[in-house]
Amino acid sequence: MVLDDLGSSLRGTLDKLRGKSRISEEDVDEIVKEIQRSLLQADVDVSLVMDLSDSIKERSLEEEPPGGTSARDHVLRIVYEELVGLVGDSTEIPLESQTIMLAGLQGSGKTTTAAKMAWWFSKKGLRPAVIQTDTFRPGAYDQAKQMADRAEVEFYGDPDADDPVQIARDGLEATADADVHIVDTAGRHALEDDLISEIEEIESVVEPDRSLLVLDAAIGQGAKDQARQFDDSIGIDGVAITKLDGTAKGGGALTAVDETGSTIAFLGSGETVQDIERFEPDSFISRLLGMGDLKQLTERVERAMEETQEGEDDWDPEDLMKGEFTLKDMRKQMKAMDNMGPLDQVMDMIPGMGGGLMDQLPDDAMDVTQDRMRNFEVIMDSMTEAELENPRSIGASQVRRIAKGSGQSEDAIRELLDQHKMMAQTMKQFQGMGDGDMQRMMKKMQQGGGGGGGGGFGGMF
Amino acid sequence: MFDGLKDKLSNFREDAEEVAEENAEAIEDDEQAAAEAEAVADGEPVEAQAGAAAGDGADAAAGDVADAEAASADPDSADDEPDEESSGGFMSKASSLARGRVIIEEDDLEGPLRELEFALLESDVEMSVAEAILDQIREDLVGEEKKFTKSTGSLVESALRDALLSVIDVDGFDFEDAIANTEKPVTVVFTGVNGVGKTTTIAKLGKRLEDQGYSVVLANGDTYRAGANEQLQEHADNLDMKLISHEQGGDPTAVVYDAVEYAKANDIDVVLGDTAGRLHTSSDLMQQLEKLDRVVDPDYTIFVDEAVAGQDAVNRASEFDDAAAIDGTILTMADADSQGGAAISVSHVTGKPILFLGTGQGYDDIQPFDPDALVDDLLAD
């Protein structure tokens, strides 16, 4: 996610202010340096970074902290406000009939984003259509068509035509019934004059209600020039950041937003059509400052539960609350966790878990945990049905067999069995709670801080 | 590409040269003062201010060596030792500014170096790589006494050149030589994240190799992305090359393996294997890449990335290098980028050279990359 690292380094620096009531210039300099570093490493434009850090510095030193406010809170508030100012709101996308045009560099992910957005609109109850006007790149038509099929939305394209403007015109006519028209264009960059005039022509035919610039999260300082050029020629109303599931921070998008005076509309984070989110500035900033993001977490949990259950109608998370907690249940729980995404991202969203606590864990703690979960899965694959249903029956000779079958050590098998025992016990406690309310379970886990043998996977760290 | 960086580098050169120039003059003044006073010891070429102070002192109390020495030694006793060392060498008087010596103190250079750091960052040079460049320049220019033959400018230029070359010019894997000298068929596999232009690059490189007289077969190891087969097939048709592909969802390793078998049976020189773009964070796909590397054991693996990539470029380059060791990098979309920082960072971090730059959408838009020529160009006036 954008600026993830800023969170932890900033918290560290701000913690040094703890207990102070006055801020010295050196304190501010250090904080500002930290912010500059993080932003620059996130590919935010250098001059933008300088402006931001200058105004944080100026305000921290000049503004009188309101009575009773500690130095730390004072600075935190200023950083928050400045970041909110920089990030801006989410691009307004009304749920009504409209035409959206996508533009961007080659390979930034326009075609995938078009299908994802169409999917998003269809889930909101609108009827979208994707119009593919890329006549240049070989295979563009096939890719767009397949993606539209996966998103189960209407599609228009013409593999034999070679005039994108004509395709756009025909496409709008052919899909006149649709509520939302998403016009995909060929990739181009700001320095290709003929292609820039081509997209201007498409724009004048399509007359989009909004034009979105699609930007790869990994784009560097070039984002500024690209954004300006696209803005000059077709007018940019919003930015969609793609490939956020990588390690790039997407700071180029902040630059683009600043340069075009627009806002961030969508975030893309995967290759399937569902991997799209609307940009939420509040979630974004609170996560950044280590306040956790319960809203997103809830959404992720729900989505993960749905995915885990697909094709396994007989499993309900509530079943955990009844009867024996078997290895099968454990495997499903692990799968659900896995579906939620990288563990450290999930943890960062839990209030109290993210931020400070995460910083205390060794860097590889999450990797280790994830590796362990993966090993557990391998082990379970080598077990028989009966063993999965009734793990207590597993004896020494079975452990040996499973170890051989899965290529894991016997210790690893025993570790898994211990883990299961611990979780089964915790589940028993929850069963006592009666109605099997998942939310209450979550609450209890949180209060216990993963203690008492670890609710869920708390004990795995 | 690289124009932006070039402008910014020339700014640094001007600033740093100014610093060097000032210091060189300070020595001259200093020396005159020292000569007048017939005092030897206080003529140490210390930094500009201290030198000037010492000069004044020498004027006021000519001959009072001990005093002047104390004055110059006290304020910066920490820096004393290098000063002492150089004072001996200083005795052999510089005849003119055109052939002279200069000592640049770290403090004087901090301003220009900070500017340079931001200039490098603005050019998408990754932060740790930018720091490596700065460290080397600092090491080169600061403190030690420098001789220069023409002007202080040449001093700065050569420090900058050395620093840039040290990060950019990594041990020479020469793609053309490699293809010529490896037993046929030569298998080359291309890796990289989504949308950086692997497929287009393969088509370009295939054409380049055929123009050089090799026969080429393409293998579509991208069995994942929608439209991948169609895309490469169209390139193959345009270039009149054979494409080996399986159905979408197939095993990429098998595709490349088949292509190698085909090349052996048909006496083809080079197999160019495409792979699906993948983010380095997707462990399943990275494992698939490891498998391909293990089973097919390609002669060369080339990492493809886009020149417009920012700080993250080094991250993914090293992740891909870990999964399937790369022999070199090709940067695409060089025509969209005026910065060029990615080229510098990626070769430094992977220790593998940049082989080619993609410079447009035509089949011939691919250029060999020559670090020496680049550095020459960056430093040309």
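These residue numbers are counts, starting from 1, taken along the chain as shown.
Glycine is treated like the rest: Cβ placed from N, Cα and C.
Record features (TrEMBL):
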type: COMPBIAS; residues: B:1-14; note: compositional bias 'Basic and acidic residues'
type: REGION; residues: B:1-92; note: region 'Disordered'
type: COMPBIAS; residues: B:15-45; note: compositional bias 'Acidic residues'
type: COMPBIAS; residues: B:46-75; note: compositional bias 'Low complexity'
type: COMPBIAS; residues: B:76-86; note: compositional bias 'Acidic residues'
type: BINDING; residues: B:Gly192, B:Val193, B:Asn194, B:Gly195, B:Val196, B:Gly197, B:Lys198, B:Thr199, B:Asp274, B:Thr275, B:Ala276, B:Gly277, B:Arg278; note: GTP binding site
type: DOMAIN; residues: B:353-366; note: domain 'SRP54-type proteins GTP-binding'
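Shown on the structure are the features that TrEMBL records.
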residue: B:Gly192; record: GTP binding site; DSSP class: coil
residue: B:Lys198; record: GTP binding site; DSSP class: helix
residue: B:Asp274; record: GTP binding site; DSSP class: strand
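Each of the binding-site residues B:Val196, B:Ala276 was scored by the number of other CB atoms within 10 Å of its CB, and the largest score is that of B:Val196.
What surrounds the GTP site, by Cβ distance within 8 Å of the Cβ centroid and not counting B:Gly192, B:Val193, B:Asn194, B:Gly195, B:Val196, B:Gly197, B:Lys198, B:Thr199, B:Asp274, B:Thr275, B:Ala276, B:Gly277, B:Arg278, is the set B:Phe190, B:Thr191, B:Asp222, B:Val304 from the same chain. Along the domain 'SRP54-type proteins GTP-binding' (B:353-366), the predicted structure has mean pLDDT 92. Taking Cβ pairs closer than 8 Å, the compositional bias 'Basic and acidic residues' (B:1-14) reaches residues 112, 115-116, 119-120, 122-123, 125, 153, 156-157, 160, 307, 334-335, 337-341, 343, 357, 359, 374, 377-381 in its own chain, all 6 or more past its ends.
The local packing around B:Arg278 (GTP binding site), expressed as other Cβ atoms within 10 Å of its Cβ over all shown chains, amounts to 25.
Put simply, the two farthest-apart Cα atoms among B:Gly192, B:Val193, B:Asn194, B:Gly195, B:Val196, B:Gly197, B:Lys198, B:Thr199, B:Asp274, B:Thr275, B:Ala276, B:Gly277, B:Arg278, the recorded binders of GTP, are 13 Å from each other. Helix, strand and coil counts under DSSP for the compositional bias 'Basic and acidic residues' (B:1-14) come to 12 helix, 0 strand, 2 coil. Taking a C-beta cut-off of under 8 angstroms and a sequence separation of 6 or more, B:Asp274 (GTP binding site) has the following same-chain neighbours: B:Phe190, B:Lys198, B:Thr199, B:Ile202, B:Leu218, B:Ala219, B:Asn220, B:Gly221, B:Asp222, B:Ala228, B:Leu232. Listed binding-site residues B:Val196, B:Asp274, B:Ala276, B:Arg278 compared with chain A at a CB cut-off under 8 A give B:Val196 as the close ones. Close to B:Gly192 (GTP binding site) in the fold, though at least 6 residues off in sequence, lie B:Lys198, B:Thr275, B:Gly277, B:Phe303, B:Val304, B:Asp305, B:Arg316, B:Phe320, each with a CB less than 8 Å from its CB.
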